[in-house]
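Engineer: For reference, the structure I am asking about is given below.
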Amino acid sequence: MRKLTKTFIVSLTLCIAFTIWGIIPESIIGKGSLGNVTTAIQTALVSKFGWFYIISVSIILGVSIFLIVSKYGSIRLGKDDDEPDYSYMTWFAMLFSAGMGIGLVFWGVAEPLNHLYAPPFGDSATEESARLALRFSFFHWGLHPWGLYAFVALCIAYFTFRKGKASTISATVGPLFKGGDHGRIAHLFDVLAVFATVFGVATSLGLGAKQIAGGVSYLTSIPNSLTTQLVIIAIVTVLFMLSAQTGLDKGIKYLSNTNIIFAFALMIIVLFAGPTNFIMNYFTSTIGSYIQELPSMSFRLSPLDEGGNQWIQSWTIFYWAWWIAWSPFVGTFIARVSRGRTIREFVIGVLLVPTIIGALWFSVFGGTGIHMELFGDAHIFEKIKEMGTEVGLFAMFDQMGSFGSVLSVLAILLISTFFITSADSATFVLGMLTTHGSLNPPNRIKMIWGIVLAALASILLYVGGLEALQTAAIIAAFPFVFVIFFC
């Protein structure tokens, strides 16, 4: 039996300690509660360093694009004669499933509607706010986050497969600090990566459980209650733990391919069942304005407009911080499945394909929701405000009559498979990060992290602390901006 690593022990202890902190109610420790402390720190980071997030993520995207056309593009991630481990279709499916899949389903309807009624500038529920709604959804889920993921993944993949280093954050940046790969600073980076991954994924699992429960309650008499959400987490945990035991080439590979089939099937059905011509016109015009306005959106701040600045902090800067928090997890996973590809092929694939899929997704689902709001009497956004973001997709399907019920069932299946894949991928990456970068971490380590993720999501749902957990993950990820630049 392998000896447990220091990274594993410290990370697990830290996660348990923060979970206990999150359970203690505010009535006992007052301002010292996890929610209050993390909110105060996050507010300070966003208000004082918002400009830093904006500039940093844009620079990273610029570097990623430069690598496509540079002389380094022909370098292979591995030996010169290495071939890719996975076909293009499976590779794209893995990128999409691990990177954003469950988030797109959660926000596909809700985010554009939020921007429609509370735009970054101008009046709400107008033709202009409808244009802004889809464009900023593209922006928040498009080139910037995938440029960030591509850069982090490329650094890890290059040092792992080209230089023979361990597949960890510390192996990538450790040589720059005293003690090298095994020094205290390098070790700290790995611990922070685990911390951000555990809390970030646990938050997403909690939100996924809420959305599945929301869909079930729309279709049946089963209430969207805590009990329902906990039962869903328990069922999904059993499934992803079973999948985790089969490894990367079976469980995650097959689940990712299933996800992409379900996702495209649902998207195509909604496209042709909904206002098809409107959706495609909306997509085409928004892609053009997104590309045209990308430079100004990338550096947009509103120092002279408090309302506009608050919107940017709540949406754009929050998203940039959240994607940075996810970058150790997604970057490590993408690196693991990308051996054998050239840098040019890798960056084009990671940067463009998921961005286009995300834009299509928001156009179909967000566009349909906006069409129903502006030209119908749907009141979807009112239901979102009343019942929560998780019901947005199902509230839209509810407007399609009995056929909408069929789509809701498909959506629940899709969310469930994304849920399982995200958790399975997370346990795999956590296993890698806590076993000195093992490319095939032992099942018992993956099992432990799977239990931790499920327990953490369940406990924080119970005490209502998912938001505090999400904020803690973002705070832990702040130093990774500097780590990424060191790459």
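Residue numbers in this text run from 1 along the chain shown.
Placement of Cβ uses the backbone N, Cα and C atoms for every residue, glycine included.
Bear in mind that TrEMBL entries carry predicted annotations, made automatically and left uncurated.
Annotations per TrEMBL:
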TRANSMEM  7-29  transmembrane segment
TRANSMEM  49-69  transmembrane segment
TRANSMEM  90-110  transmembrane segment
TRANSMEM  143-161  transmembrane segment
TRANSMEM  188-209  transmembrane segment
TRANSMEM  229-248  transmembrane segment
TRANSMEM  260-280  transmembrane segment
TRANSMEM  317-334  transmembrane segment
TRANSMEM  346-365  transmembrane segment
TRANSMEM  406-433  transmembrane segment
TRANSMEM  445-463  transmembrane segment
TRANSMEM  469-486  transmembrane segment
Engineer: Have the transmembrane segment (406-433) and the transmembrane segment (188-209) got at least three CB pairs under 8 Å, pairs 6 or more apart in sequence?
Structural biologist: yes
Engineer: Taking contact to mean three or more C-beta pairs under 8 angstroms, with sequence separation of 6 or more, is the transmembrane segment (7-29) in contact with the transmembrane segment (445-463)?
Structural biologist: yes
Engineer: Any chance you could find the range in 49-69, 143-161, 260-280, 317-334 with the most Cβ pairs under 8 Å to the transmembrane segment (188-209)?
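Structural biologist: Between the candidates 49-69, 143-161, 260-280, 317-334, the best contact partner of the transmembrane segment (188-209) is 317-334.
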Engineer: Decide whether the stretches the transmembrane segment (49-69) and the transmembrane segment (260-280) have at least 3 CB pairs under 8 angstroms, with pairs required to be 6 or more apart in sequence.
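Structural biologist: Per Cβ check, the transmembrane segment (49-69) does not touch the transmembrane segment (260-280).
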Engineer: Counting only pairs 6 or more apart in sequence, are there at least 3 Cβ pairs under 8 Å between the transmembrane segment (90-110) and the transmembrane segment (260-280)?
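Structural biologist: Since 3 or more Cβ pairs under 8 Å link them, the transmembrane segment (90-110) and the transmembrane segment (260-280) do come into contact.
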Engineer: Counting only residues 6 or more past its boundaries, what in the same chain has a CB within less than 8 Å of a CB in the transmembrane segment (229-248)?
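Structural biologist: Counting only partners 6 or more residues beyond its ends, the transmembrane segment (229-248) has Cβ contacts under 8 Å with 205-206, 208-210, 212-213, 216, 255, 336-337, 416, 419-421, 423-424, 427-428, 440, 443, 446-447, 450-451, 453-454, 457-458, 461-462.
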Engineer: Does the structure show the transmembrane segment (143-161) and the transmembrane segment (346-365) touching, where I'm treating 3 or more Cβ pairs under 8 angstroms (sequence separation 6 or more) as a contact?
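Structural biologist: These two stretches do touch.
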Engineer: Where else in the chain does the transmembrane segment (445-463) make close Cβ contacts, counting only residues six or more beyond its ends and a cut-off under 8 Å?
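Structural biologist: Contacts with the transmembrane segment (445-463): 8, 12, 15, 19, 22-23, 25, 198-199, 201-203, 205-206, 209-210, 226, 229-230, 233-234, 237, 240-241, 244-245, 423, 426-428, 430-431, 434-435, 469.
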Engineer: Take a look at 317-334, 346-365, 469-486 and tell me which one has the most Cβ pairs under 8 Å to the transmembrane segment (260-280).
Structural biologist: 346-365
